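Right, one structure below, let's go through it.
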Amino acid sequence: MTRRAILKGTGSALPRTRVSNAELAERVDTSDEWIVERTGIRFRHIAEPDETTATLGADAARRALEAAGLQPADIGLIIVATATPDNTFPASATKVQALLGAPDCIAFDVAAVCSGFLYAVSVADAMLRTGAARHALVIGSETFSRILDWNDRTTCVLFGDGAGAVVLSAEDVADDRGVLATRLHAEGRYCDMLYVDGGPSTTGTVGHVRMQGREVFRHAVTNLAAVLGEVMRDVGLSADDIDWVVPHQANKRIIDATAKKLGLPADRVVLTVDQHANTSAASVPLALDLAVRDGRIKRGDLVVLEAMGGGFTWGAAVLRV
């Protein structure tokens, strides 16, 4: 028997307001054709003032708990991956805990931008396997609309708000269910290629997203293909063994180029970027939840998750559902 972190449930939440490219073009110098051609994005959800990273994360968590057949009191660990917390402190994870009515447990945030959910899964996996908790909520939640420069069409058209969550539970299993391997990387010398130009210890302001798009694209395709190869080799798998890839939903061109580099057919890649845009740390769990709920991802499927974000940070995980 081997102790592993088993996927017990998924959930997601989106803000009430959905904005099309055409609607965005009414306030930004852009067009539907320009956005779709370069990104594949058609819609994004934008949070209203009463919708925050914590409230969206809590909504996604409730749905994941329901899918897992668990109550908030069962949870011993809450990790929220976010680059847009409600406050500098306390951690959004503690606010989610309060919103859920969960009792005393471990709760903290992880900040690795778009890779945050992969980092959080890796941390939760290690903590569950070593007995720190039996059940964990791992959440990616973002309100990136709060840090966008709406006069910069190269960035503001790319992002949306939302949340996704999974329940992972420690179980002793005889088969290969659960999280089988994770791989994480960071290369800080590229931190000025995708960043926010503000912060409490530098400007005292929130700041806005800034990006060197061409460089991000180049590094993303190379790094994501490499880390997917690494994590599959860790468990002795090839592309032919994978049932589904759930990639970070940043840009359809990046997703397509990465899949092509690995020899993965498009019909095995979960794609939601057209409906949600780039929701940063929320994108992978949000896409995972949709694919589970619509029946594409089924029990027994081998699923690979991958993401890259500012820093640069990047990572991948492979799990048997």
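From the backbone N, Cα and C atoms, a Cβ is placed for every residue, glycine too.
Swiss-Prot annotations:
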ACT_SITE  C114  active site
ACT_SITE  H248  active site
REGION    249-253  region 'ACP-binding'
ACT_SITE  N278  active site
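The structure, with features from Swiss-Prot marked on it.
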residue : record      : DSSP class
C114    : active site : helix
H248    : active site : coil
N278    : active site : strand
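Cα of H248 (active site) to Cα of N278 (active site): a span of 8 Å.
Within 10 Å of the C-beta of N278 (active site) we count 23 further C-beta atoms, all protein chains included. Listed in sequence order, H248, A250, N278, S280, A281, S283, A307, M308, G309, G310, T313 are the same-chain residues six or more apart from C114 (active site) with CB atoms under 8 A from its CB. The average pLDDT the prediction assigns to the region 'ACP-binding' (249-253) is 95.
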